[in-house]
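Pulled from Swiss-Prot, these are the features on record:
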type	residues	note
BINDING	G32, P33, N34, G35, S36, G37, K38, S39	ATP binding site
COILED	104-124	coiled coil
COILED	163-503	coiled coil
REGION	284-308	region 'Disordered'
COMPBIAS	284-293	compositional bias 'Basic and acidic residues'
REGION	348-369	region 'Disordered'
MOD_RES	S358	phosphoserine
MOD_RES	S360	phosphoserine
DOMAIN	515-629	domain 'SMC hinge'
MOD_RES	K648	N6-acetyllysine
COILED	660-935	coiled coil
MOD_RES	K713	N6-acetyllysine
REGION	947-968	region 'Disordered'
MOD_RES	S957	phosphoserine
MOD_RES	S962	phosphoserine
MOD_RES	S966	phosphoserine
MOD_RES	S970	phosphoserine
COILED	991-1068	coiled coil
MOD_RES	K1037	N6-acetyllysine
Amino acid sequence: MGFLKLIEIENFKSYKGRQIIGPFQRFTAIIGPNGSGKSNLMDAISFVLGEKTSNLRVKTLRDLIHGAPVGKPAANRAFVSMVYSEEGAEDRTFARVIVGGSSEYKINNKVVQLHEYSEELEKLGILIKARNFLVFQGAVESIAMKNPKERTALFEEISRSGELAQEYDKRKKEMVKAEEDTQFNYHRKKNIAAERKEAKQEKEEADRYQRLKDEVVRAQVQLQLFKLYHNEVEIEKLNKELASKNKEIEKDKKRMDKVEDELKEKKKELGKMMREQQQIEKEIKEKDSELNQKRPQYIKAKENTSHKIKKLEAAKKSLQNAQKHYKKRKGDMDELEKEMLSVEKARQEFEERMEEESQSQGRDLTLEENQVKKYHRLKEEASKRAATLAQELEKFNRDQKADQDRLDLEERKKVETEAKIKQKLREIEENQKRIEKLEEYITTSKQSLEEQKKLEGELTEEVEMAKRRIDEINKELNQVMEQLGDARIDRQESSRQQRKAEIMESIKRLYPGSVYGRLIDLCQPTQKKYQIAVTKVLGKNMDAIIVDSEKTGRDCIQYIKEQRGEPETFLPLDYLEVKPTDEKLRELKGAKLVIDVIRYEPPHIKKALQYACGNALVCDNVEDARRIAFGGHQRHKTVALDGTLFQKSGVISGGASDLKAKARRWDEKAVDKLKEKKERLTEELKEQMKAKRKEAELRQVQSQAHGLQMRLKYSQSDLEQTKTRHLALNLQEKSKLESELANFGPRINDIKRIIQSREREMKDLKEKMNQVEDEVFEEFCREIGVRNIREFEEEKVKRQNEIAKKRLEFENQKTRLGIQLDFEKNQLKEDQDKVHMWEQTVKKDENEIEKLKKEEQRHMKIIDETMAQLQDLKNQHLAKKSEVNDKNHEMEEIRKKLGGANKEMTHLQKEVTAIETKLEQKRSDRHNLLQACKMQDIKLPLSKGTMDDISQEEGSSQGEDSVSGSQRTSNIYAREALIEIDYGDLCEDLKDAQAEEEIKQEMNTLQQKLNEQQSVLQRIAAPNMKAMEKLESVRDKFQETSDEFEAARKRAKKAKQAFEQIKKERFDRFNACFESVATNIDEIYKALSRNSSAQAFLGPENPEEPYLDGINYNCVAPGKRFRPMDNLSGGEKTVAALALLFAIHSYKPAPFFVLDEIDAALDNTNIGKVANYIKEQSTCNFQAIVISLKEEFYTKAESLIGVYPEQGDCVISKVLTFDLTKYPDANPNPNEQ
């Protein structure tokens, strides 16, 4: 058996440079401190044996180069080589080199591909993917903690059955799908076989059904031929009768044309008059509109004049105020000028007096030259003696001058403050006057605004009321027009009704209180639903005229005859015989007395209503009406809500469409009232439109009110600003100035007290200085004849100072007065400009008022003229309206003539209409019969035309105007009239039937026979008429499905075979490994435990396919009962995991086994057991290379490889090799040393 002999490393991880490690013995231990690089040596062995980079604790291959992790790679390449030795064979070298970012593989220094490299290693029993040659650090604990599923994955990896998992899953899916397809096609084939059987039965039923259907068709043709034959006979008869009546109508038409021509002429004249009347109405409307436009202009002109007058009054007041200010300012300025003249005069008088005093003083103090020198010398000497005093006096003088300047400044400020206070007082006065003026203007504006608002409110109310009323009138007019439109009274009928209404009014006037009116006008059904029923019961009595007596009725009939009116029915209340109402009928359920569902007025016409209604009952439906009429022992007259009437005699009459039209007359009797309402509303609408036209005037007033409101707002804002800003600010500044003025007095007095006090001190100093001067100048004073030297100096200097001071006072007064005078002049000019401005404003406003008054008068004149023209037009309109009424009366007389002719024409037209209606009905019946034959696919025998010539009526589109519905129907009838039917198949007995009852009896017989045949046909469930086609289709489908089923069955068989093949291969791989491990594990566990009572066994959860489920692993520790793996102690678990690990390794064992710290979790006892086991196995089964930190373990090895670190930029690992075979068990316990 071969073994790993040497490892050569160059710049790999912590191993810098080239290092040769080895030789490795059968049991070699790698030892060294933590962090020295022991695991890196294991990584080197893994690397050279082809392990992936990700399992070497780095991200990229470059990181394996020494120094690369700290950014200082020792070289750009690294490599690891392994020398493998076998007995009787040459050593082989396997090397893996890092070049750039990839690996290069070499065998005996020859570069090979990775797959060749892997194959060579596999030949030696080294499986790269299964990693059967190494155990990483922590792998033992990981194996101990694995669950059954994870153990299965481990076995899949070791046995390489996992490589077949993807192909296994794929083939299993294909097999399942193929089996599903086979099952689907089997069921489909079974279903189609059932369909084939069902189709055969359907075909037999269809043949029988077709025979019965042919018999029904023959009976239908016979019935339809019978109906059509007698229909055509009736149409021919009606056509002859219609032609005769049309000739009579032509004669009456010619007679009516003459009367109508006369009526047309009158209409033209009436039309002309009405157009003239409309023109006058148009002119009235235009003048009215013009007047409505002019009135706002007049109001605006009047408002402008009023506004300008108010403005003028305000300007005059402003002018008066400005003139008052100007006079006051002029007086103040005159006073200042007088004061200026007074000061100038005083100054001149002072100058003159000084001149006189100068001349009057004759004394001359002029010195000689030697005396002057002496004076200066003595003066210098005196100055030296009094130098100290002079310095003190100079200091006092400086202080005194500073205080005097302060005093002058305060007095000047005081004067300026007094002037400012006067100015503020004037401004305050102006502010107060402006406030008074603004308050007066605001009061006036508010009054004007109230007036405008009042006027606006009145106009708004009037216009809004007019708008609302116009909307209401328009709504009412629309309702009236809709109701009038719904009445659908044609022109002739309207004229007839108008004629009858006029006669009715005439006889009411002739016999007041005796003629009550028509029955329809005096009563009304309580609910709309009873209208048709009440109409049916009242019948012809609806239009009967109710009178109080028979005599009144006869007189009325005579009057109608004289007026050539239509015949009328009269119901005299004293002549009618009425049976009393049967009170028992009121107790019947589902019925009411007709008289109880009618309201009537006046009460005494009840007799006439009882006569018309009798004891008739109204019911909700036809069934109730029939039941009550004929169902009891006594018959009653009843009527349903739809108008179906059941007479006691047994006669039943239906609610025809003309009855509904007649029932609408309950609503039509309000037409006259609606017309009157329409006229009244139209007139009111015109009046309201006039009021609505005042909107322009309202907008004008609103605009003026808005302008006035804005001016008022600005004035109020100005007033508020003047009060709160200008006046308040001036008062505040005045108060501040007065406060400052009050402070000037104390400050000036304080300065004056300081100056007076200092003057006293200066006086004392001067006296001391004077004593020194007197001593020095004593002899000199005697020489010049003065008491002391000061008398000489003061005479000359004092006078000059006094004069200068006095002149300064005069100048100050003139300057102050000049400043005030300049200010007053400027203010006076401003006041004069204001006076001039207000004078111009007053003059301009007066001129504008004159113009505005003229404009106001001009608008007033236009309004008066327009109103006069409007009144003239209204008079013309009344005259023209009278002419139109007269012309209407003339036309009414002609209409009466036309009415007589129209009556005869109407009678004939009614007869023609009746014939045409019957004829139209017969044509419609023929059309319906033909259409029914076409729709029911009844093939009639035709001698001319085809069934395609029979038309089906379709509704015309909304936009179709070319052909009306009736015209289209006529075209259809005409086209169908060309169809000739061959009645040869119709029995002669059926053709000979003439009487209506006979025809009806024969038709019922034919219909009954047809019904019996159809009943038999209907009882047979409609078969599938396409049964033959279905049968052929099902046969084809059955053959197709059988083919598909056979193909699916073959595919399923093939897929199952393919799956079984891959399943077997996967099972064989897995089972070979599992059986090997399961067989060896118990023996290995006993050897590791050093006890034959220890047991270990593996069991698959799924014996048939163990790789699909988990693998259970259980151990019984020596001297203990069976417990699950989870309940074993840490050491026991580790020993069990090692047993599994060594058992797995025993399956296709690698020649060497590299283990990284497998003793980490073992106690000393178990360490010894494991070490001894490994030592035993290494002698015969495999070479063991173990990384360990425990002496109890590595002392059992044959050689030691020691790894120690050296410090540099990163850790550098160095290696020492120590052969222990030279010291066999010399020191079994090194700790004793």
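Cβ atoms are placed via backbone N, Cα and C, with glycine included.
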- Query: What other residues of this chain sit with their CB within 8 A of the center of the CB atoms of G32, P33, N34, G35, S36, G37, K38, S39, the recorded ATP site?
  - Reply: V1203, P1205, S1213
- Any contact between the coiled coil (163-503) and the coiled coil (104-124), i.e. 3 or more CB pairs below 8 Å with pairs at least 6 residues apart? no
- Starting from each candidate's C-beta and looking 10 angstroms out, tell me which of the recorded positions K38, K648, K1037 has the most other C-beta atoms. K38
- Can you grab the distance from K713 (N6-acetyllysine) over to S970 (phosphoserine)? Cα atoms, rounded to a whole Å. 81
- Note on the structure: Beyond a gap of at least 6 residues from its ends, the CB atoms lying under 8 Å from the coiled coil (104-124) belong to 2, 49-50, 81, 84, 92-98, 1150-1151
- Query: So of all those recorded positions, G32, P33, N34, S36, K1037, which one's Cα sits nearest to K648 (N6-acetyllysine)?
  - Reply: K1037
- Task: Let me know the DSSP-derived helix, strand or coil state of K648 (N6-acetyllysine), please.
- Result: coil
- N34 (ATP binding site), Cβ-centred 10 Å count of other Cβ atoms over all protein chains shown, is 8
- What Cα-Cα separation, expressed in whole Å, is found between S36 (ATP binding site) and K1037 (N6-acetyllysine)? 82
- S970 (phosphoserine) falls, by DSSP collapsed to helix, strand or coil, into helix
- Item | Chain-internal residues near S970 (phosphoserine), provided their CB is under 8 angstroms and they sit 6+ positions away | none
- Message: If I take the alpha carbons of G37 (ATP binding site) and K1037 (N6-acetyllysine), what is the distance between them in whole Å?
- Response: 78
- Item | N34 (ATP binding site) - helix vs strand vs coil (DSSP) | coil
- Item | Close in space, distant in sequence - G32 (ATP binding site), Cβ under 8 Å, 6 or more apart | K38, G1202, V1203, Y1204
- What does DSSP say about K713 (N6-acetyllysine): helix, strand or coil? helix
- Note on the structure: Long-range Cβ list for P33 (ATP binding site), cut-off under 8 Å, min separation 6+ in sequence, same chain only, gives Y1204, P1205
